[in-house]
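Q: Sharing a structure below in structure tokens format, with a few things to ask.
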Amino acid sequence: MSEQTNTELEQQASAHRASAHRASAQVVAVMGDIITIKSLGSKPLTKNEVVYVMPSRRANEQVEEQLMAEVLRVRGDIADIQVYEDTRGVAVGDAIIQTGHLLSLELGPGILSMIYDGLQNPLERLASLHGKFLQRGVQLDALDRSQTWAFTAVAKTGDKLHAGETFGTVPEGRFTHRIMIPFNTEGEVEVIWIQEGSFNVDTVVAKVRNQRGEEVDLTMVQKWPVRHSISETLTKKGKTERQYPDTPLVTTQRIVDTFFPIARGGTGCIPGPFGSGKTVLQHSFSRYCDADIVIVTACGERAGEVVETIEEFPHLQDPTTGGSLIDRTVIICNTSSMPVAAREASIYTGLTLGEYYRQMGYNVLALADSTSRWAQAMRETSNRLEEIPGEEGFPAYMDSAIKGVYERCGVIRNEEGDEGSLTMVGSVSPAGGNFEEPVTQATLSTVKTFLGLSYERAYKRFYPAIDPLISWSRYLDQLSDWYGNNLSADWVENVKEMQALLVKGDSINQMMQVTGEEGITLEDYVTFQKSLFLDMVYLQQDAFDDVDSSCPLTRQKACFELAVSLIRQQYTFKDKEIARDYFVKLTGLFKNLNYSHDGSPEYNSYLQKIEELRNQYIGTAAAA
Ligand SMILES: Nc1ncnc2c1ncn2[C@@H]1O[C@H](COP(=O)(O)OP(=O)(O)OP(=O)(O)O)[C@@H](O)[C@H]1O
Ligand SMILES: [Mg+2]
């Protein structure tokens, strides 16, 4: 262990020893990670306050441990707290230190490209200091204190500012990170001193006089409670306004962008049975979407998957800028081996970081995989508290908790008049793929895009396994002006015509299951072949092919228009066999087109072959 880390640990330990004397409550009962505490009378206990448990029995007497916990329920001078760590050895009588603060994050430059746990502990630094097996009771600064940032003042002495207004900026990678007046500031403050230069986040860069005439030091970092919405606070206090979402978030997944779009600032969910491709789809979103910043919250996913993401991202290119993908990404990761309680907090951590960057005017996509594991954490806690269970043991407030999460999304115009958005897409993993269960149902009644994955499609390897017959998006109509102005006047109309084709194709297919091919007319058979063709070449997309994995919107337009024209084409097939023959060949050529770089010689040659094939089968030639 390096000298620096030794000092750091010593400092931590001595701070803890000092704080043990500040105990204001003590443990009266322990039940797993739920502990009942009793106030010693000096400080009132408040709901959601962060407290520390100081176990007196420890494996290593030399190291003081402080276990972070949050107050869940207060009854007079008794409270139930939930500990975010392993509670082994915690005993009745152990000291509790109250912080007086709600569970909060550090907001400031240096968040991007970080990998945090649900409580904003930087995992890489934790691992380098304490090894891969996380030691309990260790908390680290979320933002690196050794890093300096070039601070440019935007405000000047005498300026009157209020919460959320920018007083300076620093470059954070390729982003301009706005340093804003703390969001909890009341009324106007006057800048009385401001400096410029390279500083770490704790350096005082400005001084302001508040409403009460007090001098307040401002650094580049502020704390914010995770369970409160930044934008909602600023909407009430300042000039931040909610806007109507009017632009799609382009994911480059054809079935999503064309058929079931998600608006910037909108909400979507991906329910699907185990192994149906939820994580792969979310990965595609995180890589290729046109958001400025992506926050990936992995709640209780398998550790292996998370490690894969972490190792992969620094080597991947950001498709829009060519930089490393990790530069625009924050990963919040709670593997299934981490304590349940931290998992519950992690969704709020992700959203709060998303809101912070949205407030600077960026478009942020927050992904959560999977929200079912988050809801299960809520259920476990509720059960331990012996609350009255609702459906399938989930607490009655789960519905409003889910709504509360997605409600933090939206488009805002910030204090400076710039627009930013926070979009959220959560996956849901219902047991047995049963969408009737409470978490899926509560989510479906909240979000505006439903990308339902089906076992049947995954089994057939029709990826992404989004089932076009059950999925829906309210944004297709809501964004129709955008499509009209940016793609084509009849875009939405054409998409709906193709959706109708898929429905018709499915009902013909079902009929065919009963009667066989002979039982249906040639016309119906051709309709079925057309819908199958659309499915094969447009809805399906290979996440593991260099080219096909991402289909930008301009390419989607060309691809969709070609597919539609081939589908609308009047053909005169002599019999079903000829019809099938044609669509099989057409599908093969079209798929090769999808695999070719846009505008490359191969691409053009496949285009030409498609036209040649079409010409062979129209008019008299096909009838022969
Ligand atoms: N778009 C795709 N293209 C090709 N293969 C895919 C695609 N999506 C999923 N798969 C295949 O399905 C497998 C399972 O996908 P994934 O891990 O995303 O499922 P999941 O729904 O997240 O599962 P779980 O419920 O266990 O978390 C992948 O390892 C991959 O082989
Ligand atoms: Mg998964």
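Each Cβ is built from the backbone N, Cα and C atoms, and glycine gets one as well.
Take a look at what TrEMBL says about it:
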BINDING   G272, P273, F274, G275, S276, G277, K278, T279  ATP binding site
DOMAIN    56-100  domain 'ATPase F1/V1/A1 complex alpha/beta subunit N-terminal'
DOMAIN    141-227  domain 'ATPsynthase alpha/beta subunit barrel-sandwich'
DOMAIN    253-473  domain 'ATPase F1/V1/A1 complex alpha/beta subunit nucleotide-binding'
DOMAIN    481-568  domain 'ATP synthase A/B type C-terminal'
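Tell me about the surroundings of these features in the structure.
A: Annotation note: K278 (ATP binding site) sits in a helical segment as assigned by DSSP.
Residues 9, 12-13, 16-17, 19-20, 22-30, 32-39, 41, 43, 45-50, 118-119, 136-137, 139, 339, 341-342, 345, 381, 385 of the same chain, all 6+ positions outside the domain 'ATPase F1/V1/A1 complex alpha/beta subunit N-terminal' (56-100), place their C-beta atoms under 8 angstroms from a C-beta of that stretch.
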Q: Which one is it: of the binding-site residues S276, T279, which Cβ has the fewest other Cβ atoms within 10 Å in this structure?
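A: The binding-site residues S276, T279 were compared, and T279 has the fewest Cβ atoms within 10 Å.
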Q: Please compute the mean pLDDT of the model over the domain 'ATP synthase A/B type C-terminal' (481-568).
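A: Across the residues of the domain 'ATP synthase A/B type C-terminal' (481-568) the model's pLDDT averages 97 on the 0 to 100 scale.
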Q: Among the binding-site residues G272, P273, G275, G277, which residue has the fewest other Cβ atoms within 10 Å of its own Cβ?
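A: Fewest other Cβ atoms within 10 Å, among the binding-site residues G272, P273, G275, G277, is found for G275.
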Q: Under DSSP, the domain 'ATP synthase A/B type C-terminal' (481-568) has how many residues in helix, strand and coil?
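A: Reading the DSSP string over the domain 'ATP synthase A/B type C-terminal' (481-568) gives 68 helix, 0 strand, 20 coil.
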Q: Within 8 Å of the Cβ centre of G272, P273, F274, G275, S276, G277, K278, T279, which other residues of the chain have their Cβ, at the recorded ATP site?
A: S427, S429, L453, A458, A465
Q: With Cβ-Cβ distance below 8 Å and at least 6 positions apart along the chain, what are the contacts of F274 (ATP binding site)? List them in sequence order.
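A: Same-chain residues close to F274 (ATP binding site) (Cβ under 8 Å, separated by 6 or more) are S429, G433.
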Q: G272, S276, G277, K278, T279: which of these binding-site residues put a Cβ within less than 6 Å of any ligand 2 atom?
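A: Correct list: K278, T279.
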